[in-house]
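Participant: Feature table excerpt (Swiss-Prot):
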type: COMPBIAS; residues: 19-32; note: compositional bias 'Low complexity'
type: COMPBIAS; residues: 38-59; note: compositional bias 'Basic and acidic residues'
type: COMPBIAS; residues: 647-672; note: compositional bias 'Basic and acidic residues'
type: CARBOHYD; residues: Asn20; note: N-linked glycosylation site
type: CARBOHYD; residues: Asn288; note: N-linked glycosylation site
type: REGION; residues: 1-66; note: region 'Disordered'
type: REGION; residues: 634-672; note: region 'Disordered'
type: TRANSMEM; residues: 82-102; note: transmembrane segment
type: TRANSMEM; residues: 154-174; note: transmembrane segment
type: TRANSMEM; residues: 187-207; note: transmembrane segment
type: TRANSMEM; residues: 211-231; note: transmembrane segment
type: TRANSMEM; residues: 323-343; note: transmembrane segment
type: TRANSMEM; residues: 353-373; note: transmembrane segment
type: TRANSMEM; residues: 421-441; note: transmembrane segment
type: TRANSMEM; residues: 456-476; note: transmembrane segment
type: TRANSMEM; residues: 490-510; note: transmembrane segment
type: TRANSMEM; residues: 515-535; note: transmembrane segment
type: TRANSMEM; residues: 545-565; note: transmembrane segment
type: TRANSMEM; residues: 590-610; note: transmembrane segment
Amino acid sequence: MVPRISEPQLRPEPHRAPSNSTKLSYTSYSSSFEADDERSSSADHDSMGPDIGSAHRDVPAQYAGEDTRLTSRKELSGWYAYGFAAEVFVICGIGSFIPITLEQLARENGVLLSDPTQPCGSSSTHLPPGLNPGNAKDSQCVIYIGGLQINTASFAMYSFSLSVLFQAILVVSISCAADHGNYRKRLLLFFAFAGSITTMLFLTVVPKVYLLGALWAIISNTCFGASFVLLNSFLPLLVRHHPKTQYGTPDFSPELHPSFVDEYPPEHSLGESEAEVYDERSALLSHNRTLSEAPDVTEPLPLSADSTSIELQLSTQISSTGIGIGYSAGLFLQCVSIIIIWLLKGTTFSLRLVLFFIGLWWFLFTIPAALWLRPRPGPPLPSTGNRNSKGSRSWLAYTIYAWSSLFRTVKLARRLKDITLFLAAWFLLSDAIATVSGTAVLYAKTQLRMAPEALGLINVIATTAGVLGAFSWAAISRALNLKPHQTILACICIFESIPLYGLLGFLPIVKRWNVIGLQQPWEMYPLGFIYGFVLGGLSSYCRSLFGELIPPGSEAAFYALYAITDKGSSVFGPAIVGAIVDGTGEIRPAFWFLAVLVGLPAPLIYFVNVERGKEEGARLAEIIEGFRIKDAEIASGEHSSTESISEDERGRDHREISPHDEEREGRRRNDI
């Protein structure tokens, strides 16, 4: 055993390249949740050189308690591990087996719509003589909840809508805690374990207590959405402190002894007062000022032209790798689930058992993330009055600040025509994506009488096509010389073919053929491929196009609005489809609504002008930055004469833009 060197020879820290999204500072205090990278094995050094993530760097702190140790390979592995753990829930759970299980549990408590005296039984059993899968209206099943007659397919759709509603509210409420204080990792683990345990609890749901299944679905989906928002909030920090970003070249990183950090006690805590009030982007974006008076004695390299591209490429690389790892886990577990269901003859117990394994997978592979991810605390919450008040750190303060930040961002977005058009289109498109998926699965189960293992195979095909589409649409766009918004329009047009194909089943001539128009189970497989292929293009190009329209310096706030629009929109589509099914007794009429929902975003996307949006965003960014600098100067002058400054005394919140001041600024620019 090699003895530990008590007095290591310290090497000087190498030059680092400054970056528009990076800032080095003191390390943070330790935490019980913190990854122990100080004594990593040599296995951790493969891809990033020496594991210098624990190296103390004697430079000014951006805010009290900041952890700016370099991102280590182990920390990246922890980030990937959670994607590997949780992605199976959305692919195998919400995307496939949870709606099937909810419908089946309700069906075993329901009666036939055509004959209320007859119990429904399983929807995957053989059809009565003379009844083909495409016109199985007489096999529709209903349950009664609180005196209301609800179709069993609608029951699953309503449950999903409620889960998305709670998810959207929770995501907004915790967004501030994700960026401020030391709650990011703790909340991630709380929601991860809560969601995985409730998913495992599906094993205990018997048909007599089928409503409990809806409760578990709502809780698990809400926890999943919240945990992924928290996981994504780690990405900018991992990129910011990555050696490739800090030292300006992909292959250069310093070599410091791993135990060096042990000799330096923490110098700040989150409870200390600050000389500067930070806005909601503090944890994700860089600032031009630091709190510490200690000078940065390192000699930076000249700022290279590709400094920003290094960060962008690294962020894309890490994100893409995480998505690939998550999809691989989802596909693997989906195949295992299909085998389990096939071996157990597609019983309700087999569905519950599969959901138990999905929750167990989520739980077990969250443990490496808990061990390897660092907390990476954000700046303390900006106080709104007495800076010594503990109320500024209370959960109520976090929640109020989160919602007020959202409203401020909405006010800014309303001033940008192209962002408004895009967000309206994305709201409809995101709702259409979620609603088409859930409707198709339930249509295949209730009207085409497809077995659960066959439904699982549809999801495998769609997921595989999604991966293929993510890579293929870039090549298609280059080959056809399409602009980003034109590529999105092409995806929408292909997407529209899915509900239109389902509507062909209403044509008398097609009905006589007994094929085409979703009258046979095998027709679901090519449609599943189309859905996945289109989704791969929409996901990447919509986010990319939106990024082009964001005012520089407001990326975090606007991407939060983008995510909330994505999460919140799916409340409406499934609920409307459920109401249509309850009113007509069939799912096929819902394809009329889906056709409209898929088509509505197209004209909005068509009128988005990227160049105009960039110009508007740049002008707004100048106005925002001008008022931030002015407020910073006022705060600096007043802070020198008094220890505590109230925002009310200053006259306005430094994060808000005065419409009158903006109007005067616009007139001044026009005069110039």
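Think of each number as a place in line: the chain as shown, counted from 1.
Just so you know, glycine gets a Cβ as well, placed from its N, Cα and C.
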Participant: In the same chain, which residue numbers or ranges, 6 or more beyond the ends of the transmembrane segment (456-476), come under 8 angstroms Cβ to Cβ?
Facilitator: 91-92, 95-97, 323-324, 327, 330-331, 334-335, 337-338, 341, 437, 440-441, 444, 482, 487, 490-491, 524-525, 528-537, 539-541
Participant: Would you say the transmembrane segment (590-610) and the transmembrane segment (211-231) are touching, if the rule is that at least three C-beta pairs must lie under 8 angstroms and be 6 or more residues apart?
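Facilitator: Contact between the transmembrane segment (211-231) and the transmembrane segment (590-610): absent.
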Participant: Would the transmembrane segment (421-441) count as touching the transmembrane segment (490-510), i.e. at least 3 C-beta pairs under 8 angstroms with sequence separation of 6+?
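Facilitator: Yes, since the transmembrane segment (490-510) and the transmembrane segment (421-441) share at least 3 Cβ pairs closer than 8 Å, they count as touching.
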Participant: So, does the transmembrane segment (323-343) come close enough to the transmembrane segment (353-373) to give 3+ Cβ pairs below 8 Å, pairs being at least 6 apart in sequence?
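Facilitator: In this chain the transmembrane segment (353-373) contacts the transmembrane segment (323-343) - 3 or more Cβ pairs sit under 8 Å.
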Participant: Where among 82-102, 154-174, 323-343, 421-441, 545-565 do we find the most Cβ pairs under 8 Å to the transmembrane segment (590-610)?
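Facilitator: Most Cβ pairs under 8 Å with the transmembrane segment (590-610) come from 421-441.
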Participant: Can you work out which residues elsewhere in the same chain, 6+ from the ends of the transmembrane segment (187-207), have a Cβ less than 8 Å from its Cβ atoms?
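Facilitator: Same-chain contacts beyond the ends: 33, 82, 85-86, 89, 93, 98, 101, 105, 108-109, 174, 177-178, 213, 216, 219-224, 226-227, 230-231, 348, 352-353, 355-356, 358-360, 362-363, 366, 369-370, 373.
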Participant: If we skip the immediate neighbours and take only residues 6+ beyond the ends of the transmembrane segment (421-441), which ones have a Cβ under 8 Å from one of its Cβ atoms?
Facilitator: 95-96, 99-100, 156-157, 160, 164, 413, 455, 458-459, 462, 492, 495, 498-499, 524, 527-528, 531, 535, 538, 542, 545-546, 549, 561-562, 565-566, 568-570, 572-574, 576-577, 587, 590-591, 594, 597-598, 600-601, 604-605, 607-608, 613
